[in-house]
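Right, one structure below, let's go through it.
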């Protein structure tokens, strides 16, 4: 910091003065003179703020994306297709704030893309070839990118890539005629538009936008209109019963059923920026700007809108006129997660020059956590003749993210993580059963369960009522028996979320490295040490790891009811376990008593659902069928179990729990809430308000959209 020597003459004292730190500057990228003018007005109004604004004008959105990537500008608000482009290499920009819009259902940062048809016309999504179509505009999300990308992805529209001609040419061959404002090169795509022949296909023509595309359908110029879920209610609320939605499963549904009958969720426009230390300054500036100049403020300057402008050149400057506020995007979010799997896939399908070959439909991409799981998964892949392929990540949350992105298909998770995966849009399809093999062939109405228990050494004086200040051992943060249940009970009793202050020290893999709950952890013993990581690289990870932590360092372990039995009496040959006996341990009951390890039905913390395989909803049936085939070969009674055993890994619980007798089918359509049960869902929902993980924050943001 610059020092200035200044003299206070009246007192005759020399003093050292500190100059004010230099102001941070945000460089906003604009793409037109009206937008630059609005930006400069905002700049002038915020000159006295801690963070100031400058404006950088470029010719196009892509020029702005390049400028931000090259550190010549800092931010711009983009629509979904542009945000897709910005997220690709070499730009790698990320969304940091989302525009929020007011709809009849309330404020939201997304909408649904739907296909609207007149009731009584009877055709389905599978009969669109040869029909006439109405679109909001070329390159627009609900009107073009999603419907055309989806039809390409499904193979309905045939297109071999850019070398075979443009996407517009392929669409013109698919529909008999269309109105696609902006598609002036392809005549058939303008044939159904109305107005002056010279301007009827312009981007601001009568049939452009949501209302225009709907009126194209209403006027009989099209058989189907690709719009957003609110369009019919906004344009013909009294006639909505005359229209229906085309669903991707081949059915039709009423207009109000858009949540279950849509082609994709479309994310709002997002402010994108480089993933660097400027992000906080950008959000601080935007937060202050919307506080001073947002909706319902008394300022003459409007950050958003105002809506209802007649001149299209003056519409949507800096932000959409319909925006009512900006909402911070969680830091874990990239453009692919922000846009969502369906929308991202639709756009990818329109960029075949950049696509990798599609994977075979009859195989599964399993997500393995850490090198031990990767090793087992690779052996499974070999004996499965490639029906199972493997991708490896460092932490379980990364599996959830990969499945969300379509980069993996499945992973088996414990109940606490099934909750997180469920918030992230995944569904349970198969669940592990640990006791009764005779039930394996059934599809359970009620999921199988196990008991979460607290275990202490028999020779200690620990009980449930004196745990505060003791040393604790947990399977991992966020897992059911090792975290959710015990911490949920402690949270209910104490009201505190400061769990690392409740115990003197502990090992809860996945905790912050400097937390008390990492102090007992051992790591891998190698380089890097990987201490306190939530994978098998940490010696005290998982059920067996938590028991080992109790044996070597801790006062209490939070584990599953069968863990002690599985690792005592010579069943675990490892040095730390080979001499252990079941009678060395006791259960801690919540009434303060202690009990024999086998009395878990009467002395437990909770009965909880077993681990489950989670997938994206559209993959559920295929993965369920494939896993059934794999289990017939490599399960407990598999025909080829001499080659490989799915449920065996020397007490390490790799990929599945070693105790698993079989995988049973979760009833089709079961939600994660139904699978977890009301009691467990209530406990975990309450607990998750305490310091929610970054992935839960991200998925809660998406779920709230």
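Along the chain as shown, residues are numbered 1 onward.
The backbone N, Cα and C atoms fix where each Cβ goes, glycine too.
Marked as signal peptide by Swiss-Prot on the basis of experimental evidence: 1-19.
Among the features that Swiss-Prot reports, domain 'Transferrin-like 1' is placed at 26-352.
Residue density at residue 64 (disulfide bond): 26 other Cβ atoms are found within 10 A of its Cβ, drawing on all protein chains shown. What Swiss-Prot lists as disulfide bond is 29-64 (among others), and the listing cites experimental evidence.
Taking the Cβ of residue 39 (disulfide bond) as reference, residues of its chain lying under 8 Å away and at least six apart in sequence are, in sequence order, 28, 30, 53, 55, 318. Per Swiss-Prot, the feature disulfide bond maps to 39-55 (among others); the stated evidence is experimental evidence.
Sequence-distant neighbours of residue 143 (hydrogencarbonate 1 binding site): residues of the same chain at least 6 apart with a C-beta under 8 Å from its C-beta are 135, 136, 137, 180, 210, 213, 226, 227. Annotation source Swiss-Prot lists hydrogencarbonate 1 binding site at 136, 140, 142, 143.
Annotation source Swiss-Prot lists disulfide bond at 179-193 (among others), citing experimental evidence. The Cβ of residue 193 (disulfide bond) has 26 neighbouring Cβ atoms from other residues within 10 Å, across all protein chains displayed.
What Swiss-Prot records for 247-261 (among others) is disulfide bond, and it gives experimental evidence as the kind of evidence. Around residue 247 (disulfide bond), taking its Cβ as the centre, 19 other Cβ atoms fall within 10 Å, counting all chains.
The region 'Connecting region' annotation in Swiss-Prot covers 352-360. Summarising model confidence by region, the region 'Connecting region' (352-360) averages a pLDDT of 50.
The disulfide bond feature in Swiss-Prot is assigned to 367-399 (among others). Residue 367 (disulfide bond) carries a strand DSSP state (E or B). There are 28 other Cβ atoms within 10 Å of the Cβ belonging to residue 367 (disulfide bond).
What Swiss-Prot lists as disulfide bond is 377-390 (among others). Of all Cβ atoms in the protein chains displayed, 21 besides its own lie within 10 Å of the Cβ of residue 377 (disulfide bond).
DSSP assigns residue 543 (Fe(3+) 2 binding site) to a helix. The Fe(3+) 2 binding site annotation in Swiss-Prot covers 414, 450, 543, 611.
What Swiss-Prot lists as disulfide bond is 424-699 (among others). Every protein chain shown contributes to the tally, and the Cβ of residue 424 (disulfide bond) ends up with 23 other Cβ atoms within 10 Å. Secondary structure at residue 424 (disulfide bond), taken from DSSP and collapsed to helix, strand or coil, is coil.
Annotated disulfide bond per Swiss-Prot: 440-662 (among others), in sequence order. In the shown protein chains, 23 other C-beta atoms lie within 10 A of the C-beta of residue 662 (disulfide bond). In the three-state DSSP scheme, residue 662 (disulfide bond) is classed as strand.
Look at residue 549 (disulfide bond): DSSP puts it in a helix. Summarising the annotation, Swiss-Prot assigns disulfide bond to 473-549 (among others).
As annotated by Swiss-Prot, hydrogencarbonate 2 binding site applies to 475, 479, 481, 482. Under a cutoff of 8 A between CB atoms, and with a sequence separation of 6+ in the same chain, the neighbours of residue 481 (hydrogencarbonate 2 binding site) are 414, 450, 452, 453, 475, 543, 558, 559, 560, 605, 608. According to DSSP, residue 481 (hydrogencarbonate 2 binding site) sits within a helical segment.
As annotated by Swiss-Prot, disulfide bond applies to 497-690 (among others). On its own chain, residue 497 (disulfide bond) has 491, 689, 690, 691 as residues at least 6 apart in sequence with a Cβ closer than 8 Å to its own Cβ.
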8 Å Cβ shell about 136, 140, 142, 143 centroid, hydrogencarbonate 1 site members excluded: 113, 135, 137, 141, 144, 145, 209, 210, 213, 226, 227, 228
Other residues, Cβ within 8 Å of 414, 450, 543, 611 Cβ centroid (Fe(3+) 2 site): 415, 432, 475, 479, 480, 481, 560, 610, 653, 657
Rounded Cα separation (Å) that holds between residue 399 (disulfide bond) and residue 142 (hydrogencarbonate 1 binding site): 30
Nearest of the recorded positions (179, 390, 479) to residue 518 (disulfide bond), judged by Cα-Cα distance: 479
Residue 699 (disulfide bond) to residue 261 (disulfide bond) - Cα separation in whole Å: 21
Residue from 247, 261, 532 whose C-alpha is spatially nearest that of residue 549 (disulfide bond), among the disulfide-bonded residues: 532
Hydrogencarbonate 2 site, defined by 475, 479, 481, 482: further same-chain residues with Cβ within 8 Å of the Cβ centre: 414, 416, 452, 474, 476, 480, 483, 484, 542, 543, 546, 558, 559, 560
